[in-house]
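Here's the structure, in structure tokens; my notes come after.
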């Protein structure tokens, strides 16, 4: 069913969807009496105009790479993991426990330990929905939504109770020890004369996110497991016939997905806050859905989409700072991107497919009636 | 726990259960017709905002209610367009609608009222007042029955009674009318309905529109009945609790009433930690009560306590054979 060239599928359709979302967002800005062009300039300036601005953009992008990859891996098995938010919260818990209770000698080891802890906790949180889907047929979307709320309640409980240091009034853990502090880009790239990325939270986990992109690519397209995941996603019946166990694929895919979402915590909890606070995830788990849809579930696409959302997030914060446009405008843009690239995909695709069919037929009217698939 | 405290807790239960019930019945219509709807939350939120905003401007809650229902139905229309006409993923569409409402309500509220994403406080005719049922004052002094009638059953806002009446009405429409039979059939086997010469698309749009109407009522109750004005994210996950209640109720109207009252009761208890401690003799974390509806739903979904089986064609776009 190749109705149009592949470049149209991977580039043109997301681009048109993005333009549609952008136009509607501009209309929203116009409707509330602001100038969309000025808003865009402010956003570009505030998110790409200096190394400080880049530092924030890349910091947000790191979060979204992890959660976007989490959703993308699940989509390959035709599972919709909407629980990235809860899994990332639990990842934060894993990082906090590991950073607080294990005396790490050096940040490299702490990063490794933190990543493992975050992934384990995130994966554990995805395990029950996965197991229920695989064994009992309960829909993974509904269970992961429920687990988001259960995670929020659990963290609330722990941060008000057991994990709060004595005498503190704030619902947060104590600060992590010095040895677990990750180097920021400022530490890594500043020279004696020029300070780059000064004060920006972007840190070494950005590179971990890039490695994760490559690892996911290799997993999906270069391993037997990846092949099985894709086969199961394409056709459950065929996969079963080929001897692939649906239970194994569902559980393993969701564990990987949850682990990736959980690993976001090395960036926001270990790298930035250096302690676990309430609502540390700030909706990044949900943005992962938009990122994965936009990036067509390909790690490179996810990387680009995550950068785009990092830009939107930081730009939106700048907008809220300097204009009367509230930060929630980003939520609107995010919703429009999800709507156009996810739900209304066919609205863009159908006319485009028709157009390509006509283009292909037009120059060769005398060609034999080969089916134009 | 003495009798009057019990009445108080049950009274709060009814008030907190109403938005859940309306949203749950909304989801019932939609999902029975085969359209999954995780956008209940967003539609409620949009309606809560529009009702409060228009009521604040016009001073009339009924005009506000119409606007709120209109807003919820517009979002329902988007959901229908995405999931019926363009055969997109219904779950993704629902997620998008939730975010659209969460963002737009704050952006527009800030632009209209400039109060940090809230509407002005409502009072007088801009809110749904309480309705005293006949003879409530006269029989209050009768022991036992008096307080139950006067304080528990009487004295709620109009939408509470509308919500309660919706339960038998939904049951009647779904199980005793031709429309209801067709609606349920389209959620189980749309091809059969199509073969009988009945429009699958038309029925599904009708179900989605009813869903918009009921979520509109639910949202309006939140901002003009339960509270006096809109605040950012005021639905606070109620759309998802309603979804949980729907599964808990196994997609049946009377069970939905029971599930919503149960979840409303848990919410009411969370507001009264002193009552729980007094009754059970030990403290129960508020977080546990918050999480309990979700935990119970997961247990039900797991099928350990009675199996919840959704409508068979739920979530799948209908494609006519060619």
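For all residues, glycine too, the Cβ spot is worked out from N, Cα and C.
Unlike curated records, TrEMBL annotations are generated automatically.
Keep in mind that what you see is a predicted model, and the values were worked out from it rather than measured.
Taken from TrEMBL, the feature transmembrane segment applies to A:12-33, A:53-75, A:87-104, A:110-128, A:140-160, A:200-220, A:249-270, A:276-295, A:302-323, A:329-348.
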Grab the same-chain neighbours of the transmembrane segment (A:249-270) for me: Cβ-Cβ under 8 Å, and only residues 6 or more beyond its ends, written as numbers and ranges. 59, 62-63, 66-67, 69-71, 73-74, 76-77, 79, 81, 83-84, 87-88, 90-92, 94-96, 99, 110-111, 114-115, 118-127, 129-131, 133-134, 140, 176, 180, 182, 203, 205-206, 208-209, 212, 216, 219, 225, 228-229, 232, 239, 276, 280-282, 284-285, 288
Counting a contact as 3 or more Cβ pairs under 8 Å, with residues at least 6 apart in sequence, do the transmembrane segment (A:200-220) and the transmembrane segment (A:53-75) touch? yes
Would you mind listing the long-range same-chain contacts of the transmembrane segment (A:329-348), meaning Cβ under 8 Å and 6+ residues beyond its ends? 13-14, 16-18, 20-22, 24-25, 28-29, 283, 286-287, 289-290, 293-294, 309, 312-313, 316, 319
Which residues of the chain, 6 or more past the ends of the transmembrane segment (A:110-128), have a CB below 8 A from one of its CBs? 81, 83, 86-95, 97-99, 102, 104, 143-144, 147, 151, 179-180, 182, 204-205, 208, 251, 254-266, 269-270
Long-range Cβ neighbours of the transmembrane segment (A:87-104) (under 8 Å; 6 or more residues past either end): 66-67, 70, 81, 110, 113-114, 116-126, 151-152, 154-155, 158, 163, 173-174, 176-177, 179-180, 257-258, 261-266, 268-270, 275-276, 280-281, 284-285
Count the Cβ pairs between the transmembrane segment (A:302-323) and the transmembrane segment (A:12-33) that lie under 8 angstroms and are 6 or more residues apart in sequence, then report whether there are at least 3. no
Per the Cβ under 8 Å criterion, with at least 6 residues separating them from its ends, the transmembrane segment (A:53-75) contacts 45-47, 81, 84, 87-88, 184-186, 197, 199-203, 205-206, 209-210, 212-213, 216, 219-220, 229, 233, 253-254, 256-261, 263-264, 267-268, 271-272, 284-285, 287-289, 291-293, 295, 297-299, 302-303, 305-307, 309-311, 313-314, 317-318
